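Some notes on the structure that comes next.
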Amino acid sequence: MDPRFINTIPSLRYDDDKCDDEYAFVKALCMSGGDGANSYSANSRLQKKVLSMAKPVLVRNTEEMMMNLDFPTYIKVAELGCSSGQNSFLAIFEIINTINVLCQHVNKNSPEIDCCLNDLPENDFNTTFKFVPFFNKELMITNKSSCFVYGAPGSFYSRLFSRNSLHLIHSSYALHWLSKVPEKLENNKGNLYITSSSPQSAYKAYLNQFQKDFTMFLRLRSEEIVSNGRMVLTFIGRNTLNDPLYRDCCHFWTLLSNSLRDLVFEGLVSESKLDAFNMPFYDPNVQELKEVIQKEGSFEINELESHGFDLGHYYEEDDFEAGRNEANGIRAVSEPMLIAHFGEEIIDTLFDKYAYHVTQHANCRNKTTVSLVVSLTKK
């Protein structure tokens with residue numbers, strides 16, 4: 001391809017012009033592809049559990065969307081941050097099933113449904129699309145219906161769809177990923193993310209980047225979704241309101257930071273390399289989420305819920321199993337970025353260290369995670 005043409009392609013992230021080589025690893029942000037032992041597809045039990053938790057909100061908003069739009073004959077649904085594997089279809093299945101059951105109940109014909117699966121271009125769409133025939137077969141058995149499935153590669157911090165074309169948007173455990181690493185983290189060296197030892201400036205930098213990104217997300221989706229269309233969004237969140245720096249010793253990025261420090265001590269990773277790595281991630285609390293939505297102004301909040309649940313480690317047979325399962329889950333969501341920055345040769349050792357650190361903290365066996373679920377209506 002002519003490089004002159006490549007240089008004219010619009011940016012996939014709205015602020016890519018500010019993403020320099022210092023944080024080049026952010027461009028590798030995607031889940032581990034394929035269906036092997038270390039893949040996202042094989043290590044996404046938590047994400048499946050979260051989808052099940054949010055199901056009542058999704059069903060309720062799908063029904064209300066259909067009734068408020070007077071049962072349209074065509075529906076376009078988008079799954080943003082779909083990743084790879086079977087989980088990509090769980091929410092879509094619930095949406096289609098809800099629509100068909102409701103239409104039967106009120107004696108209406110079911111609409112034709114387009115389902116758009118979105119993630120960054122680096123995502124393993126091939127593994128996901130292999131499940132499309134099985135998905136449509138299950139729909140036919142359950143609902144005597146099918147849908148049309150499309151891929152929509154690109155950043156959800158950019159425009160993805162034509163104006164007023166979407167009726168329902170769903171996203172689960174994707175919007176806590178930021179478009180870039182925040183600026184002004186020089187005083188947070190040795191930490192991948194916010195910890196209790198971080199300066200207040202690190203928290204403010206992360207919060208500002210989240211506010212900027214989520215505002216942009218809402219603004220872009222408001223152009224793409226029809227009036228009275230719905231969004232159901234689920235985030236990794238936190239409960240703490242008074243201490244914005246609080247992340248306990250079992251927070252997944254704290255454990256990963258400690259594991260990388262072990263490799264620095266052993267001479268496998270340079271300290272400067274560790275200092276140059278920061279996660280493009282933010283876990284908001286309810287108030288922070290609400291403030292961005294209200295300030296941006298395009299959507300009404302229908303529901304905003306906080307759910308805490310354990311990760312299931314307490315029921316695992318031994319500490320080693322708990323440590324290995326959590327290490328595999330974090331590896332599945334961070335490995336491509338870690339390889340891009342640190343190299344592939346340290347990855348197995350790094351997550352052996354991670355699993356060990358989980359076993360050293362009794363609290364990790366009883367660890368809980370917080371999920372925020374918000375449903376929105378386009379004004």
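The backbone N, Cα and C atoms fix where each Cβ goes, glycine too.
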In Swiss-Prot, the Mg(2+) site includes Asp275, Phe277, Asn278. Which of Asn164, Asn187, Asn188 does it also list there? Asn188
Measure from the Cα of Asp119 (S-adenosyl-L-homocysteine binding site) to the Cα of every one of the binding-site residues Trp177, Asp275, Phe277, then give the nearest. Trp177
Quick check: with Gln47, His176, Trp177 left out, which same-chain residues have Cβ atoms within 8 Å of the centroid of the salicylate site Cβ atoms? Gly81, Ser172, Tyr173, Ala174, Leu175, Phe235, Ile236, Phe281, Val333
In Å, rounded, how far does the Cα of Trp177 (salicylate binding site) sit from the Cα of Phe156 (S-adenosyl-L-homocysteine binding site)? 10
Going by Cα-Cα distance, pick out whichever of the binding-site residues Gln47, Cys82, Leu120, Ser155, His176 is nearest to Asn278 (Mg(2+) binding site). His176
In Å, rounded, how far does the Cα of Asp275 (Mg(2+) binding site) sit from the Cα of Cys82 (S-adenosyl-L-homocysteine binding site)? 31
Site extent for salicylate, whole Å (max Cα pair distance, Gln47, His176, Trp177): 15
